[in-house]
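Here the structure is laid out as structure tokens; the discussion comes afterwards.
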Amino acid sequence: MYSANPTLGYYVPPLDVNNLTDQQTAISIEHLSLYYQQSRALSDISMRIPKGQVTAFIGPSGCGKSTLLRCINRMNDLVEGTRVEGEVKLHGKNIYHPDVDVPTLRRRVGMVFQRPNPFPKSIYENVVYGLRLQGIKNSRALDDAAEQSLRAAALWDEVKHRLHENAFGLSGGQQQRLVIARAIAIEPEVLLLDEPTSALDPISTLTIEELIHDLKTKYTVVIVTHNMQQAARVSDHTAFIHMGKLIEYADTDSIFTSPLKKQTEDYITGRYG
């Protein structure tokens, strides 16, 4: 798969994810293992995720792809008995270092979950919620941020005349775009999407997929999906995870047309998984 270069206006070959420079890397995962109590969920994973592109994690149910995603903003910390070995570096800084402030990390690495989870507030208050937590009180600044975020999430034209209505009045697809707007309002560097369309209808799914293409012009996007066709459509690079191990990681076109590992080929062609 070739990646659009929004600056130059033409298509360029994808980066070689196995030979990224530090300048090209947003997230560096180094010998990462994760344990729930005594059970190992991830085993010695090392990979680099490039800046400003979409990386997909695929694999069978229970393979560890969502667990790996949640390591990138330490959401697994919320699960009792979790232990992590190895490092996850965001722009060169290990996010598991004791000095790291986790709330600040999660502002830098936003996350959107499988099912839309708007707050029981107005559309407007959902979008500016994180900004208010940061102490921003200026009405003009909040208004501008709300509009910019809703536009970026391809939702502004649908809700601009109903900003103060309850967010629960939106459709499922609209709610998911609202959640994306809420995530990007605080200007994260990375956006994590955990099966963001699995609960949506096909039309809403297409809208979200088109949005993902737009988002990568400003953010590094990492998506977990059980839908291989979706991974092929939206991602520049794909990692195949199986039984907590990284089996293969390359540009998406190579993964889907000429995988190097038999396990990857078997999964892609439906022989197991």
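Cβ from N, Cα, C; glycine included.
Lifted from Swiss-Prot, the feature list:
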BINDING   G59, P60, S61, G62, C63, G64, K65, S66  ATP binding site
DOMAIN    27-268  domain 'ABC transporter'
Position of peak Cβ density within 10 Å, selected from the binding-site residues P60, G62, G64: G64
Counting only residues outside G59, P60, S61, G62, C63, G64, K65, S66 in the same chain, those with C-beta within 8 angstroms of the ATP site's C-beta centroid are T67, I241, H242
Within the domain 'ABC transporter' (27-268) only, compute the mean pLDDT. 95
Here the 10 Å Cβ neighbour count for S61 (ATP binding site) comes out at 8
Could you tally the C-beta atoms, other than its own, that fall within 10 angstroms of the C-beta of K65 (ATP binding site)? 27
Identify which of the binding-site residues G59, C63, S66 has its Cβ surrounded by the largest number of other Cβ atoms within 10 Å, counting every protein chain shown. G59
